[in-house]
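Asks: One structure coming up, written as structure tokens, with questions to follow.
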Amino acid sequence: MGKKRTKGRSAPDTVASESAEPVCRHLRKGLEQGNLKKALVNVEWNICQDCKTDNKVKDKPEEEAEDPSVWLCLKCGHQGCGRDSQEQHALKHYTTPRSEPHYLVLSLDNWSVWCYKCDEEVKYCSSNRLGQVVDYVRKQAGVRTSKPAEKNNGHIELENKKLEKESKNEQEREKSENLAKETIPMDSASQITVKGLSNLGNTCFFNAVMQNLSQTPVLRELLKEVKMSGTIVKIEPPDLALTEPLEVNLEPPGPLTLAMSQFLSEMQENKKRVVTPKELFSQVCKKATRFKGYQQQDSQELLRYLLDGMRAEEHQRVSKGILKAFGNSTEKLDEEVKNKVKDYEKKKAIPSFVDRIFGGELTSTIMCDECRTVSLVHESFLDLSLPVLDDQSGKKSINDKNVKMTMEEEDKDSEEEKDDSYMKSRSDLPSGTSKHLQKKAKKQAKKQAKNQRRQQKIQERFLHFNELCATDYTEDNEREADTALAGEVEVDTDSTHGSQEEATQIELSVNQKDLDGQESMIERTPDVQESPEDLGVKSANTESDLGIVTPAPECPRDFNGAFLEERTSGELDIINGLKNLNLNAAVDPDEINIEIPNDSHSAPKVYEVMNEDPETAFCTLANREAFSTDECSIQHCLYQFTRNEKLQDANKLLCEVCSRRQCNGPKANIKGDRRHVYTNAKKQMLVSLAPPVLTLHLKRFQQAGFNLRKVNKHIKFPEILDLAPFCTLKCKNVAEESTRVLYSLYGVVEHSGTMRSGHYTAYAKERTASCHLSNLVLHGDIPQDCEMESTKGQWFHISDTHVQAVPITKVLNSQAYLLFYERIL
């Protein structure tokens with residue numbers, strides 16, 4: 001029998017040394033890999049089998065509320081609670097008389113091996129038999145890494161020190177808690193606690209984000225509402241003839257939402273000092289399989305997948321409720337019921353709890369310089385991805401010159417292209433927003449012959465289509481073709497006519513997919529496209545949102561060697577053939593119809609033409625020019641994100657109003673075949689709905705050619721941020737005549753190291769929950785100037801299980817990757 005020790009979990013510092021050799025003489029008798037493999041099939045991890053049999057897992061007294069350490073027998077796979085528990089089932093399992101003794105056990109908390117016979121720690125490395133067995137158990141438990149002990153050595157040491165302090169020196173812990181209470185006097189109901197999170201294996205990116213979400217008390221409040229059984233939602237009818245709203249009884253929330261609620265509850269408990277978010281991470285991996293395998297990941301992507309996953313579950317929940325309200329629980333539905341369900345789903349009576357907390361709105365304002373018509377595009381966002389400039393001004397100017405020279409050459413050679421052969425060398429234009437297209441553009445020389453063959457097939461296809469449609473053209477169209485203006489490029493005898501510039505612009509707007517033989521939809525609707533400078537500036541969730549309307553041609557300048565394509569007249573035939581194929585000739589020019597993709601996972605965009613005063617269309621709530629010079633501040637990043645742009649040259653606006661005026665009336669010819677007018681325009685993206693919780697993402701990870709790099713430049717960010725200089729004059733959720741939209745910093749995610757090997761940590765602010773923020777989210781009460789709350793609190797630096805109090809100066813000097821601000825005014 002082994003001697004009873006007060007701490008069976010403590011491990012010496014050299015437990016994970018790669019060069020250490022096992023010194024225990026009981027390895028041969030105490031290790032049985034065959035029995036382990038059989039025992040670990042469909043096993044429930046981290047639960048004492050004997051306690052579960054005795055029904056003591058749920059009926060524990062309050063003083064044993066914290067889960068005891070669980071030890072795995074390496075002989076038979078038995079899981080028992082350790083010596084620090086009341087029952088000590090792991091020790092009893094060893095002392096039970098058997099023909100073959102069970103000497104060795106493995107801690108499922110810190111993966112240390114203990115020999116009861118030697119009564120001491122057993123050293124191992126990944127190359128020997130014991131290390132291989134431990135690695136196998138870790139993989140079965142869901143923690144996959146080749147050198148487990150070495151990678152987690154620091155975390156093991158920190159966790160063991162914390163456990164020793166917890167068991168041997170209770171008074172010191174009470175003193176630290178009292179000190180925190182003195183620093184931040186809180187009410188017990190609104191107290192926000194800070195705990196460590198276990199690293200499941202390269203999951204620091206997950207832990208850092210969850211630390212900040214756990215410091216968002218309004219999220220916990222809304223999740224309590226979501227979990228309430230029998231929730232009834234009233235949806236206004238889409239048909240004006242119906243007056244009674246539809247009452248929808250919602251089902252329980254989805255598994256990801258429930259796991260999130262359970263995690264926040266565990267973070268609020270007083271007994272646990274370290275939380276293991278295994279269930280929540282498992283649900284995230286089910287929603288997004290890219291996070292499986294315990295590899296290094298991006299914390300901002302994790303945040304987006306998490307929020308989008310919970311929002312999708314809420315949308316599905318409402319859809320099922322609407323279906324049940326119509327009395328159809330089966331999958332087979334008639335068309336009438338399907339249409340009704342879709343109509344009610346489009347009403348969106350109540351936004352999801354994710355949108356209510358993190359959701360804001362961006363408005364892109366575009367004004368034609370010729371007719372002064374103002375058009376708006378509204379789109380929602382959950383976070384803003386801001387550019388981080390890294391002394392690239394020199395490179396940008398060089399790229400600008402290259403683009404300009406290429407444009408001039410293309411204009412000069414456009415007439416010569418009529419007689420050129422189809423086989424002509426060119427460099428394809430990458431979109432600037434897709435890494436795939438960037439790589440494809442660089443490999444275009446190798447695929448030139450293949451692409452040309454595909455283009456020839458497309459040309460034959462659409463020329464055949466034009467021949468079929470030629471008989472439908474009126475005599476007016478034929479006369480137009482015969483009397484084409486000098487300098488116009490005649491694409492086809494019965495197809496659209498346009499100037500060289502127009503043909504070039506149409507050609508440039510074709511998607512890269514056309515080169516692969518795929519059709520692309522080109523809608524004839526007024527719109528603007530992101531300017532070259534705007535590439536890499538908009539947030540990840542809004543970079544491609546303006547694609548709902550016809551883009552004016554753009555020329556990306558973010559990449560070295562990006563040149564405009566040189567097209568022959570045959571290729572222009574293809575482009576205009578595509579244009580004729582996809583245009584709807586029956587559209588009334590008096591109506592501006594925008595086709596919005598119906599995507600349940602992304603918020604729809606709203607397009608409208610406003611009779612706004614052109615002088616105030618681009619005004620903001622507060623002056624913004626002061627932030628145009630300081631390039632190392634978060635305000636300058638916001639300034640770049642919301643700057644006023646000029647749409648000109650290759651990025652002109654296709655103006656519907658000017659196009660109608662060019663045709664001398666609102667009606668085009670029968671086939672809708674008319675001249676498109678591109679004009680210079682102004683464009684600006686501003687915040688039109690300030691979110692309750694503002695999440696800012698600094699785009700530090702960038703691609704330069706084939707290489708990936710991280711921008712390590714320090715970006716200054718304030719404790720109190722005023723968003724007013726970046727909001728529209730008619731911003732929602734802002735008090736009348738207010739010129740301030742204030743946010744208080746409460747969370748930071750920091751990335752240290754390189755892109756290939758780095759570590760995520762979090763800074764979180766322990767504070768009193770804001771009642772004004774809760775009123776804004778729950779009841780829509782807009783905070784007033786006289787109601788601004790205090791932002792006092794204590795900051796903590798959290799690196800997985802290690803939690804340390806830090807001053808605000810250290811927080812402000814950190815290399816921020818994600819910033820979390822809560823609305824205070």
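Don't overthink the numbers, they just go from 1 along the chain as shown.
Every residue, even glycine, has its Cβ placed from backbone N, Cα and C.
Pulled these from Swiss-Prot:
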ZN_FING   22-141  zinc finger
BINDING   C24, H26, C115, C118  Zn(2+) 1 binding site
BINDING   C48, C51, C81, H89  Zn(2+) 2 binding site
BINDING   C73, C76, H93, H102  Zn(2+) 3 binding site
DOMAIN    195-824  domain 'USP'
ACT_SITE  C204  active site, nucleophile
COMPBIAS  408-419  compositional bias 'Acidic residues'
Asks: Please compare the binding-site residues C24, C48, C76, C81 by how many other CB atoms fall within 10 Å of each one's CB, and tell me which has the fewest.
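Replies: Looking at the binding-site residues C24, C48, C76, C81, the Cβ with the fewest others within 10 Å is that of C76.
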Asks: Of the recorded positions C24, H102, C204, which one sits closest to C51 (Zn(2+) 2 binding site) when you measure Cα to Cα?
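Replies: Closest recorded candidate to C51 (Zn(2+) 2 binding site) by Cα: H102.
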Asks: Can you check what DSSP calls C76 (Zn(2+) 3 binding site), collapsed to helix, strand or coil?
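Replies: Coil, per DSSP.
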Asks: Which residue, of the recorded positions C73, C115, C118, C204, has its CB surrounded by the fewest other CB atoms within 10 A?
Replies: C118
Asks: Using Cβ-Cβ distances, find the residues under 8 Å from H93 (Zn(2+) 3 binding site) that belong to the same chain and are at least 6 apart in sequence, listing them in sequence order.
Replies: D50, C73, H78, G80, H102
Asks: Starting from the Cβ centroid of C24, H26, C115, C118, which together make up the recorded Zn(2+) 1 site, report each further residue of the same chain whose Cβ lies within 8 Å of that point, ordered by sequence.
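Replies: So the additional residues around the site are R25, L27, G30, Y103, L104, Y116, K117, E120, V122.
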Asks: For H89 (Zn(2+) 2 binding site), which residues of its chain lie six or more apart in sequence with Cβ-Cβ distance below 8 Å?
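Replies: Expected: C48, Q49, D50, C51, G80, C81.
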Asks: By a simple count of other Cβ atoms within 10 Å, which of H26, H102, the binding-site residues in the record, is least packed?
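Replies: Minimum Cβ neighbour count within 10 Å, taken over the binding-site residues H26, H102, occurs at H26.
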Asks: For C48 (Zn(2+) 2 binding site), which DSSP three-state class applies?
Replies: coil
Asks: Looking only at C-alpha atoms, tell me how far C76 (Zn(2+) 3 binding site) is from C204 (active site, nucleophile), rounded to the nearest Å.
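Replies: It is 33 Å, counting Cα to Cα.
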Asks: In whole Å, note down how far the CA of C204 (active site, nucleophile) lies from the CA of C118 (Zn(2+) 1 binding site).
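Replies: Cα-Cα, rounded: 35 Å.
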Asks: What is the number of residues in the zinc finger (22-141) that are helix, strand and coil, as DSSP sees it?
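Replies: Its residues fall into 39 helix, 17 strand, 64 coil.
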Asks: Determine, from DSSP, whether C204 (active site, nucleophile) sits in helix, strand or coil.
Replies: helix
Asks: Near the Zn(2+) 3 site, what residues other than C73, C76, H93, H102 in the same chain have a C-beta no further than 8 Å from the centroid of the listed C-beta atoms?
Replies: L74, K75, G77, H78, G80, Y94, V105
Asks: Looking at the domain 'USP' (195-824) alone, can you tell me the average pLDDT?
Replies: 70
Asks: Check the Cα-Cα distances from the residue listed as 'active site, nucleophile' to the binding-site residues C24, H26, C115 and tell me which is shortest.
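Replies: Result for the residue listed as 'active site, nucleophile': the nearest of the binding-site residues is C115.
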Asks: Note down the number of other Cβ atoms within 10 Å of the Cβ of C51 (Zn(2+) 2 binding site), including every protein chain shown.
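Replies: That number is 22.
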